[in-house]
Amino acid sequence: MEDKPLNLGGHEFQSRFILGSGRYDLNLIKATVEHAGTQIVTMALRRAQTTENSVLDYIPEGITLLPNTSGARNAEEAVRIARLAREVCHTDFVKVEIEHETKYLLPDNAETIRATEMLAKEGFVVMPYMFPDPIAARQLEEAGAAAVMPLGSLIGSNMGLRMRDFIEIIIANAHVPVIIDAGIGRPSQACDAMEMGADAVMAYTAVASAGNIPLMAEAFKHAIDAGRAAYLSGLGKVTEGQAVPSSPTTGYLH
């Protein structure tokens with residue numbers, strides 16, 4: 001089955017892997033992006049604003065930049081950061097991140113909805129990071145989100161899809177792409193997310209903390225592609241408490 005491109009605010013992408021760039025050695029970024037096969041890289045505005053050794057100088061040409069509003073504690077701060085990012089990165093894409101507690105770094109859905117509505121009215125392609133509440137996901141759609149990005153588990157935790165049940169509800173009811181963000185720690189977890197119907201996966205910590213960063217990025221690429229293909233092909237039915245023979249049970253030789 002031929003797949004359709006990932007559509008974000010009218011922009012089409014073949015890759016369904018979004019790569020973070022927060023703590024890499026700058027000299028590794030180009031190789032990591034190339035091994036990942038990604039077309040979208042996200043970064044904090046402060047990393048792009050550095051006058052010397054800006055991350056922007058190391059990201060290959062043709063990559064779509066997705067600046068985030070990391071550090072924002074409310075909608076107004078997120079909007080201010082997004083406007084600065086538009087000037088610095090020359091893009092309308094923005095990943096809204098609003099967290100006002102530092103222990104668990106959970107996104108504030110109410111402020112995120114407010115910021116999404118404000119930024120969508122200004123022509124941004126808004127991709128909000130959210131706690132996986134299906135009601136909030138619908139409200140973000142109504143506010144103008146181009147995609148929703150529910151966390152799989154605590155950011156940076158590598159714990160995988162701890163919020164699976166709620167994410168499945170979001171996927172089943174979404175009219176915009178659902179991108180799993182935060183907590184994906186292994187390629188197998190990224191594959192699992194794609195098998196359950198996610199439109200894309202964002203990973204950063206799992207790649208950045210690997211012994212061989214470019215190779216791990218490539219592993220995620222293949223896992224995401226495999227999970228997408230499995231989803232499109234139609235997964236086999238799971239049977240509980242009984243075996244299903246894989247060979248004929250009649251016509252034996254006597």
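Backbone N, Cα and C define each Cβ position, glycine as well.
The shown structure was predicted, so the numbers you read here are calculated from the model rather than taken from an experiment.
Some features that Swiss-Prot has for this protein:
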{"type": "ACT_SITE", "residues": "Lys95", "note": "active site, schiff-base intermediate with DXP"}
{"type": "BINDING", "residues": "Gly156, Ala182, Gly183, Tyr204, Thr205", "note": "1-deoxy-D-xylulose 5-phosphate binding site"}
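This view paints the features noted in Swiss-Prot onto the structure.
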residue	record	DSSP (3 states)
Lys95	active site, schiff-base intermediate with DXP	strand
Gly156	1-deoxy-D-xylulose 5-phosphate binding site	coil
Ala182	1-deoxy-D-xylulose 5-phosphate binding site	coil
Tyr204	1-deoxy-D-xylulose 5-phosphate binding site	coil
What's the CA to CA span in angstrom from Ala182 (1-deoxy-D-xylulose 5-phosphate binding site) over to the residue listed as 'active site, schiff-base intermediate with DXP'? 13
Taking the recorded 1-deoxy-D-xylulose 5-phosphate site as Gly156, Ala182, Gly183, Tyr204, Thr205, identify the other residues of that chain whose CB atom sits within 8 Å of the mean position of the site's CB atoms, giving them in sequence order. Gly20, Leu154, Ile155, Ser157, Asn158, Asp181, Ile184, Gly185, Ala203, Ala206
Report, in whole Å, the straight Cα-to-Cα distance of Lys95 (active site, schiff-base intermediate with DXP) from Gly183 (1-deoxy-D-xylulose 5-phosphate binding site). 17
Do any residues at least six apart in sequence from Gly156 (1-deoxy-D-xylulose 5-phosphate binding site), in the same chain, have a Cβ closer than 8 Å to its Cβ, and if so which, in order? Leu105, Ala182, Gly183, Thr205
Candidate with sparsest Cβ neighbourhood (10 Å radius) among Lys95, Tyr204, Thr205, the listed recorded positions: Thr205
Here the Cα-Cα span from Lys95 (active site, schiff-base intermediate with DXP) to Tyr204 (1-deoxy-D-xylulose 5-phosphate binding site), rounded to a whole number of angstrom, reaches 14
What's the number of neighbouring CB atoms sitting within 10 A of the CB on Ala182 (1-deoxy-D-xylulose 5-phosphate binding site)? 27
I'd like the Cβ neighbour count for Gly183 (1-deoxy-D-xylulose 5-phosphate binding site), meaning other Cβ atoms within 10 Å of its Cβ, all protein chains included. 22
